[in-house]
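Enquirer: Structure provided below as structure tokens; questions to follow.
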Amino acid sequence: MMNEPTPKEIKETRLYAEWGLTDEEYHQIETILQREPNYTETGLFSVMWSEHCSYKNSKPVLKKFPTEGPQVLQGPGEGAGIVDIGDGLAVVFKAESHNHPSAVEPYEGAATGVGGIIRDIFSMGARPIALLDSLRFGELTDARTRYLFQEVVAGISGYGNCIGIPTVGGEIAFEPCYQGNPLVNAMCVGLIRHDEIQKGQAKGVGNSILYVGAKTGRDGIHGATFASEEFSEGEEQQRSAVQVGDPFMEKLLLEACLDLIKNHQDILIGIQDMGAAGLVSSSAEMASKAGSGLILELDKVPQRETQMSPYEMLLSESQERMLICVEKGAEQQVCELFQTYDLEAVAIGSVTDDGQYRVFHGGKIVADVPVDALAEEAPVYQKAYQEPERMRAFKKLAPFIPEITNSTELLKRLLQQPTIASKKSVYETYDSQVQTNTVVQPGSDAAVLRVRGTNKALAMTTDCNSRYLYLNPEIGGQIAVAEAARNIVASGAQPLAITDCLNYGSPDKPESFWELWTSADGIAAACRQLGTPVISGNVSLYNETDGQAIYPTPMIGMVGVIEDVSQITTQAFKQVDDLIYLIGETHADFNGSEIQKIQLGRIEGQLRSFDLKEEKANQELVLKAIQVGLVASAHDCAEGGVAVALAESAFANELGLQVTLPLKKEYLFAETQSRFILSVSPQHQEAFETLIGRKAQHIGKVTETGLVIHALDDVINCSTKEAKALWEDAIPCLMKQKA
């Protein structure tokens, strides 16, 4: 072990600054302790007060979100949020980002991101039933991007498939702004009975703190601080800040923890995942939530490396570890339970009532600080914000109108854009069927899983078009929530609530912080209008490479409930001669669109204001029509407009369509919001048109083959087979390029 600097040396050399603490924060710690903090204590404060653990820069933003509703059983503040779905059951879900680690070590970064979010779900007492992921990369023409993409996908499928939780959905987009800073956001969904909900608390004087799972190593030390800094190309050496995951160990940990929660409620007090900032974070949070204090004895912590310092043990982010609080005297029983799963459980401390966090090592006290100072009292900053220069420039631009010579060729080109193209090559590597509950496979608007023992099903999706947020963070934020809800509704489900991963640049730059601040207003407004509170989430700031920030990317994960499995709907046209309807009006919405990107090579301009009331009305009508059994298929209109939505609806069952739209050709590719493509059996035509009224435009019918779309001044005409092949092969073709 190295000789640790003395408190005086730490202060004089400003060592704390290397760990991310400012001078003001260091002085605040001195005031709290009434002395200079020692080496270990300085380390504890530096991670617990990092943005990643304390949300010190984003708390004022998060206050904007609605977090309550009649269906919400647990909002933000625990491992994950919980929503009631009736029948004594609830759904538990949360999303997490693992962006910085995945940029450095893409396979392990993505795999441990999946592992961490799964632990958050089962620490609540829920059985994880599904994984989704939201990924962002640079352009696939770049060799390093292809490597990152391949490894991240392999890491997600490697972990998810081994632990036996199906990866059922997600979304992937490619933009130059993610070149040096990919985004890897993972979402996990679990099921729980109301009477088995578990909280992460450590209370009751003398009760024991048990450490369970994998041994502690030196991996991931300062991972939380690493995630709270900007990225520079030189940082690819920071591999020790990336952890290595073991999905087989996690599978045992999952079963053991659920066994403990289900069958030993009498002795279990609290349970929490050791995630960011490892042991210090989980133990301090558990004590702080319960208003208790703690004593930890580090000599008892299972270690897989020799001569680890207290600092290293407390900050290690080794994977597959949980912290459990149990009744005094029950330690042996818990250890034996974990032994039956081949896992180690060790008592490493106890609960006190004095509110102090005391850590012993080698018979000496190495840290003695107030619990709340670590977990609750990090400073909160109201950052300065100002509208970016580009917004003023956008206001001066005339709206972009595409020039189209051949609509058929344009549709083919759009279908091959990586953001629109089929992601089949990705989701085929995921096991989406393990557990055998998956009813709607990846590739439709939302994934759907049935809830065993009931007639219900759950729909889930992740969504965000960051181009819209780049043009207008507030409207873009509204659209992200609205599109997620549209996907849930198109699958026949009632939207319940959201989780979010807020991926942004540095909060220290007023223009970046303005993006976070204003997009939160948009997200909050849409959540209120659509009745989907924010029940959990994660903030990932400092997503910049060499000073260039990513587009603002608030990934919205949404879950909805389908009361009766007979109402499950997919985007695929079902039968020849079914009628095709367009719900919602089409306007000249080309700014931020896929066609603008193709024709200009960039996106620019303003977004038209977005009518949330109309969005809500259209969603309610479509859901009603689905629930009364009048709809054969439903698909939301998104990137690429009506033309792409129609083509996608034809692909799954390789059918065709004959459609006539009273629009000029460019409008076939407009990305106006609040629109759906529905197909309806001719026998339901009258009932459907009576129910939907003027909102529905009957535009054509499903045919055996061929995509034929008539605009006022052009016709799209191509074979379904050819178009589908272009759409399916686009990403595999790009991946085969040589560097």
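Note that the numbers count up from 1, one per residue, in the order the chain is shown.
From the backbone N, Cα and C atoms, a Cβ is placed for every residue, glycine too.
Since the structure is predicted, the reported quantities are computational estimates derived from the model, not experimental observations.
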Enquirer: Can you tell which of Lys11, Lys94, Lys456, Lys574 Swiss-Prot lists as binding ATP with Tyr55, Asp500, Gly537?
Expert: Lys94
Enquirer: Which ones are near Gly537 (ATP binding site): of the binding-site residues Asn99, Arg119, Glu317, Gln319, which have a Cα within 10 Å?
Expert: none
Enquirer: Could you check which of these binding-site residues, Glu96, Ser97, Gln319, Asn538, sit within 10 Å of Tyr55 (ATP binding site), going Cα to Cα?
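Expert: If one measures from the Cα of Tyr55 (ATP binding site), the binding-site residues that come within 10 Å are Asn538.
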Enquirer: Please state whether DSSP places Lys94 (ATP binding site) in a helix, a strand or coil.
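Expert: The residue in question, Lys94 (ATP binding site), is strand (DSSP, three-state).
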Enquirer: Using C-alpha atoms only, work out the spacing between Ser97 (substrate binding site) and Asp500 (ATP binding site) and round it to an integer in Å.
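Expert: Here the two Cα atoms lie 10 Å apart.
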Enquirer: Near Asn538 (Mg(2+) 1 binding site), which recorded positions out of His52, Lys94, Asp273 have their CA within 10 Å?
Expert: His52, Lys94
Enquirer: Cα of Asp120 (Mg(2+) 2 binding site) to Cα of Lys94 (ATP binding site): how many Å, rounded?
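Expert: Counting only the Cα atoms, the answer is 8 Å.
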